[in-house]
Structure formats: structure tokens, C-alpha cells
Amino acid sequence: MQFSIVVMAALASLASAQSMDGIPTCALQCLAQAVVTGGCEASDQACQCGPAREAITAAATPCLLSACTDAADLATAASVGNGMCDKYKMGGDDAAPSPSVNTPAAAAPYPTAPAPNGTVPIGTAAAPSPTANTNETTTVATGSAPQNVAGGLAGIFGLVVAAAFAL
């Protein structure tokens, strides 16, 4: 069970790295092969972060554990791949944007009253508070954009490394 949770959390990190910087050479072939086994193109993060996530992780994990015997290599790769699918799903770095969201406004934590002589009473802020407005809606177009091969592979490696540490 713990392995599955870590694998899913790691899989959620598939889409932000845009280069192979920091990915150990021992991992490259395993990752490339796992992406193909999962049925995705190396540059297709929509596939890697979606329907093929479990298949890619299942294919890459035993290979990486065998090929990368240095724990430091696994840890380094995990830090590089961290956050990739989350970033992809949030629309970061050439990723497909997420659909629009309408969030209700948060209530003020306490009422405020004007202060005499332009001072700010304790417990209030001079700058506007970061609360949402119920009348505001953020709309973002949906779609996908090609990603470079390194970004997809780095994210998958981060997933597999996290899974390995959970064992």
C-alpha cells in the first residue's frame, strides 16, 4: 500500500523538468524503454501523466533498481523529476493548461474599522489580502503542446525513484 501511494505521488511529478541535467546516465535507457512500453511518445507528457502513468512506473522500476545501484543517483534523479505532472497539469512550461475554475471568496478573518490619522490597527494589513472574489473566473484554454523528451524522461525517473525508496 505504501509503495502504491509513493508511486502515485511520484507519478504526479512527471511534467516540469525541461532538461536531463542531474539525471544519472544509468537511468536513461530504462526510462526511454518504459515510456515506449507504456504506449507513449517520449515527448507526450499528456500520455505520460495520464493513462500510461502506472504502466510506465511498473516498467521502469525494476530496470532502474538494477541499473542504478548508487542510492545517490536515485536521490538526485528524484529531486530533478519532482513535480513534473503537477506542473504539467497546472499549465507550466509549455504544458497543457487546466480548465477554468470558479472559487468562492474566503471570509475575512475579522472585521476592520478605519484607523485614526491614517494608521493601520494591529491585526490588519496595509496591502490587500489574498482572498478570492466570487465574481472572478479564470478561464484558460485547454489543449496540449509537445514537450521535449528530456522533460518526460526526467519526470518518470523521479516517479520510479520515489517508488524505490518506498520499498
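Any Cβ shown, glycine's included, is placed from N, Cα and C.
Taken from Swiss-Prot as is:
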- 1-17: signal peptide (SIGNAL)
- 18-112: domain 'CFEM' (DOMAIN)
- C26-C68: disulfide bond (DISULFID)
- C30-C63: disulfide bond (DISULFID)
- C40-C47: disulfide bond (DISULFID)
- D44: heme binding site (BINDING)
- C49-C85: disulfide bond (DISULFID)
- N117: N-linked glycosylation site (CARBOHYD)
- N135: N-linked glycosylation site (CARBOHYD)
- G143: GPI-anchor amidated glycine (LIPID)
For each of the disulfide-bonded residues (C26, C30, C47, C63), count the other CB atoms lying within 10 A of its CB, then report the residue with the highest count.
C30
Cα-Cα distance linking C30 (disulfide bond) and the residue listed as 'heme binding site', given in Å to the nearest integer:
17
Starting from each candidate's C-beta and looking 10 angstroms out, tell me which of the disulfide-bonded residues C40, C49, C68 has the most other C-beta atoms.
C49
Closest of the disulfide-bonded residues to C26 (disulfide bond), Cα to Cα, picking from C40, C47, C63?
C63
Can you tell which of the disulfide-bonded residues C40, C47, C49 lies nearest to C63 (disulfide bond) in space, using Cα positions?
C40
Nearest to C30 (disulfide bond) by Cα distance: which of the disulfide-bonded residues C40, C49, C68 is it?
C68
If one measures from the C-alpha of C47 (disulfide bond) to the C-alpha of C68 (disulfide bond), what distance in angstrom results, rounded to a whole number?
25
Can you tell me how far the Cα of C68 (disulfide bond) sits from the Cα of C49 (disulfide bond), in Å?
23
